[in-house]
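Engineer: Supplied in structure tokens, the structure appears directly below.
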Amino acid sequence: MSIAYAIIYISLAFNIFIFCYIGEVVTEQCKQVGETAYMTNWYRLPHKTARDLILIISRSSNVIKLTAGKLVHLSIATFGDVSIQSCIYFFRTGRLCETIMSDPKRVTDNENINDYNIQFNRWSLISLGAWPQISAPNRMKKLAVLMQIFIYWTAMTIVMIPFMLYMLFEKKDFKTKLKNLIPLINRIMGSINYWILLSRNKDIKRCIQHMEADWKLIQRNVDREVMMQYAKIGRFITTLFAMFIHSSTYIFNVVKAMETTTVIVDNKTITIHPLTCPAYSKILDVRPSPAYEIMRGVQFFLAFVIASSTATVCGLAAVFAMHACGQLNVMHTWLNELAEEKKNHLANKKLAAVVKHHWRVLGFVQQIESIMHKACLGEVMGCTICMCLFGYYIIMTWNAFNLVKIFSYFFGYITMSFNIFVFCYIGEILTEECKKVGEIVYMTNWYKLPHKTALGLILIIMQSSHIIKITAGKLVTLSIATFGDIMKTSTAYMNILRTMAT
């Protein structure tokens, strides 16, 4: 049902966008008539003819706008407002979203607020055996977690090694290798993400404790409301991404399982459903029963681990980044209040608090970059390759017009695109918010402050000009511009693959 709701949501959003886009284009084209008249070489025209252009310019300034019931002008800005309003009402839908977005009014103490912030990530980390224990665990819990991790790595080994050998030695056909490349890349990406969650366990713990300390430090209701708004956004991104990644993983696996192929076992020809990750038959022959059923179960189990690892890495990045943005917005409020302070000693105290808070936020952003840069590199590279392959699969399947396969490939393509977009959006918004600190300082009434206090603001402006950027492996800065470049690159390589395969 969640997939159906997601598709309906996208369809309705696209519907509104079309109307708003039409209204925007019509308005801009009407305006452009007057601009074009002004930009022509009218001074070369006869005097009376040139004067007639004034009527055209005057008329084109009174634009006939497309409206919704004579109430709302249809434009891209309106589409943005509608999208924001839909998100706001989504968060206010009471019991319908109670499991997804619990009521913040019920949250009283700092630990519960922080748990509200990271709740879905905590569930995923516990299920993966990667939840950082804030308090010292007892021996039995520690042993259970180690056994859990051992089972996951064993499942990965059983699936991955025979699958890679199959790709290297058993199948020589280029098209067949391309067909099995997405499951291989997906498993490698998931393994990297799972390893990062385990290896950076202590750093993740420090970030969670940092967030909890921030909720304790910020006591004013106005500031906590700002933090809660950003906590909601982080929670929403986490939920949406988890829905996308789990849905696309299971759809791809189910569609693959629906196919049939003929194999020979003990001189008998039998029809079976191919595995998502075929095994090298000389090492592990899974064609006869019950080996086939066991391997199928192990692969579905591994698909859950891989999807959960990827969703958790992205969810943590979103929650951490939105928390940092909330802290920076709280700082904006403090800076505006600082400019209104007339007493010298109070102004100095407030400035000291602002500087301390700024350094604390920058340290947190640096921790996010330290934890996430390897995961970001793996995701950007893996998702770009998967997008090329999904696009190639869609083109190759289009002639046969197998709707089930085309839908699964298209949904996978959207998921990979959304995955990269989330990381690029996080990088972009953090960069912009860090830059904004210097702009806010400059735009305040700093000239009303005591002379020495105003001089202290120069350090904040200088520091905000040196931005800590979120990168993919310290190689590529993540931003919306980077997302656009990745989309272009994936399309170019998809065309190369199509040319090579035909």
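Placed from the backbone N, Cα and C atoms, the Cβ positions cover glycine too.
Under the heading transmembrane segment, TrEMBL lists 6-23, 149-169, 181-198, 233-252, 300-322, 376-395, 407-426.
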Engineer: Can the transmembrane segment (149-169) be said to touch the transmembrane segment (300-322) if we require at least 3 CB pairs below 8 Å and skip pairs under 6 apart in sequence?
Structural biologist: yes
Engineer: Pairs 6 or more apart in sequence, C-beta under 8 angstroms, 3 or more of them: is that satisfied by the transmembrane segment (300-322) and the transmembrane segment (181-198)?
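Structural biologist: Touching, yes - the transmembrane segment (300-322) and the transmembrane segment (181-198) meet the threshold of 3 or more Cβ pairs under 8 Å.
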Engineer: Who are the chain neighbours of the transmembrane segment (376-395) in space, where the CB to CB distance is under 8 Å and they lie at least 6 residues beyond its ends?
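Structural biologist: Residues 178-179, 181-182, 185-186, 188-189, 192-193, 310, 313-314, 317, 405-406, 409-410, 412-413, 416-417, 419-420, 423, 470-473, 475-476, 478, 486-487, 489-491, 493-494, 497-498, 501 contact the transmembrane segment (376-395) from elsewhere in the chain.
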